[in-house]
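S.K.: Dumping the structure here so I can ask a few things about it.
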Amino acid sequence: MAFVGGVVLLAFVVALCLCATGAEPQLEVGFYSYSCPAAELLVKEEVEKALQDDPGVGADLLRMHFHDCFVRGCDGSILLNSTKGNTAEKDAQINTDLEGFDVIDTIKEKLEAACKGVVSCADILAFASRDSIVHYGGVPYKVPSGRRDGRVSIAADTSILPSPKLGLSELTKLFISKGLSQNDMITLSGAHTVGIAHCDAFSNRLYNGDATLDQNYAAYLKTQCPPGSNNTVSMDPKTPRKFDNLYYRLILKNQALFTSDQTLVSTQGTATQVRRLAESYKRFQKKFADAIVKMGAIEVLTGSEGEIRADCKVVN
């Protein structure tokens, strides 16, 4: 009888500890192994189809995942449409040039047909981001899943997203506020090795005499971005659709586009980190995979929180 009582008491203590620590269900690799075994494969297939039609859309999906996670956590809120009384995140100024929302919607339709009400939009975005990186030559990595979808999306909340004109101190504080380190920030900035940038994001460097921008490169950029224009240029002019570490070599040559990129070498410590990533493709790939998985866990909704949207554009 005492033994049974001890077991009961132990169970009570364990339950009490879980409540006291606020323990919640965590993300896990293979979350859909039983509920929707083909989920990740289906996402990959649709991402590949989309990249065949638009080779640059993978960079948008990667950026979309980042913007989603930094605003209200990785809850798919960036995917929600605006309503009559509310402007959603996707329609905020910083996101107006994002493409790929239709790709996520197509994937969701396929998954709903295969496994109705099972796979969240937030997880779809995390998977699609990974598959885009792999398509561009990045090393495959496992994506923990089990995120649930948020019900709130407000354009004004995107004010937290980093501007391309931020300096090292501001960037570091922002990333730390999201549970990421300065090293994580430097590593995740490597996503700028793919994709394009609008001239207005860096034209201040061209026409205000920025001494940290290589003058020959600046002269070339001026031909692509005459005053008043808002054309686009590749973030990485040499390998714009290859997920490599050339981005860091460009920074070391003072050939980064954004102030927020070039600022990564503004201290001895951060410059050392940039050099290490520039020297080793393998190191960059490993550190990037670790950092984006860590980012993908920012303020996630799990368990009974949020919902599993039937349509990524609207709440249930």
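Residue numbering: from 1, along the chain as shown.
Quick reminder: no glycine exception, Cβ is built from N, Cα and C everywhere.
All annotation found in TrEMBL is predicted automatically rather than curated by experts.
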S.K.: Looking only at C74, C115, C121, which is named in TrEMBL as the disulfide mate of C312?
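M.R.: Checking TrEMBL, the candidate bonded to C312 through a disulfide is C121.
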S.K.: Select the most exposed residue of D236, D244, where exposure means the fewest other Cβ atoms within 10 Å, treating these as the binding-site residues.
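M.R.: Least crowded of the binding-site residues D236, D244, by Cβ count within 10 Å, is D244.
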S.K.: Between C-alpha atoms, which of these recorded positions comes nearest to D244 (Ca(2+) 2 binding site): R63, C115, H192, C225, C312?
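M.R.: Out of the listed candidates, the nearest Cα belongs to H192.
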S.K.: Starting from the Cβ centroid of T193, D236, T239, D244, which together make up the recorded Ca(2+) 2 site, report each further residue of the same chain whose Cβ lies within 8 Å of that point, ordered by sequence.
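M.R.: Output for this site, in sequence order: V194, K238, P240, K242, F243, N245, L246, Y247.
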S.K.: Cβ atoms within 10 Å, counted per site: which of C36, C225 has the most, among these disulfide-bonded residues?
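M.R.: Result of the Cβ crowding comparison: C225.
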S.K.: How big is the Cα-to-Cα gap, in Å, between C121 (disulfide bond) and T193 (Ca(2+) 2 binding site)?
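M.R.: Their Cα atoms are separated by 26 Å.
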S.K.: Pop the Cα-Cα gap between H192 (heme b binding site) and D236 (Ca(2+) 2 binding site) into the table, whole Å please.
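M.R.: So the Cα of H192 (heme b binding site) lies 7 Å away from that of D236 (Ca(2+) 2 binding site).
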S.K.: Measuring Cα to Cα, how many angstrom lie between C74 (disulfide bond) and C115 (disulfide bond)?
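M.R.: With distance taken Cα to Cα, C115 (disulfide bond) is 22 Å from C74 (disulfide bond).
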